[in-house]
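Notes for the one structure printed next.
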Amino acid sequence: MQATADSTKMDCVWSNWKSQAIDLLYWRDIKQTGIVFGSFLLLLFSLTQFSVVSVVAYLALAALSATISFRIYKSVLQAVQKTDEGHPFKAYLELEITLSQEQIQKYTDCLQFYVNSTLKELRRLFLVQDLVDSLKFAVLMWLLTYVGALFNGLTLLLMAVVSMFTLPVVYVKHQAQIDQYLGLVRTHINAVVAKTRCTGGKKET
């Protein structure tokens, strides 16, 4: 019963995260998506120009400058108006931000699930449980060697972020044409895979 309850909770959490991610990527709240997308781009562009330590330090200084300036402004305003509104960040200072043991266990279980699934999949691919899947993986790794020679990690990450926030919208607007071309590609790939399987079966025979 406990395992079932934990599984249900994890499914609910995953469903909630998935729903929020879809809303962001499909620009259903333009303001929220714009802020998240812009923040990612600013962070990645900063990392291409400065070291991680410098970026973290600059971000911390910017945040501190904003909060200190606002704190001084509110203090001066209260002194001029002779009011006693208290600390401007009082609501946030009293906000509970600690993680409970249940929350930590939930996120740990979720991470453990994905790590174990990844390890099992890598074992299956590297030990050639399915020849076609292992060949696909080998071709992908071979292509990545050329990609790695052209782009560094940050550039690839930047391209991935831009793609995540643009491709879903483009797909929705041009779904019919894209599905048509994807269908042709999928048919061609399935034909090649079928020939490969037939060839492998004949050799084993």
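One-based numbering along the chain as shown.
Keep in mind that glycine also has a Cβ here, set from the backbone N, Cα and C atoms.
Keep in mind that TrEMBL annotations are predicted by a computer and have not been checked by a curator.
These numbers come from a predicted model, not from an experiment.
Annotated features in TrEMBL:
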DOMAIN    21-197  domain 'Reticulon'
TRANSMEM  35-64  transmembrane segment
TRANSMEM  150-172  transmembrane segment
Cβ under 8 Å, sequence separation of at least 6 from the ends of the transmembrane segment (150-172): give me the contacting residues as numbers and ranges.
24-27, 33, 37, 40-41, 44-45, 47-48, 178
Over the domain 'Reticulon' (21-197), what is the model's mean pLDDT?
87
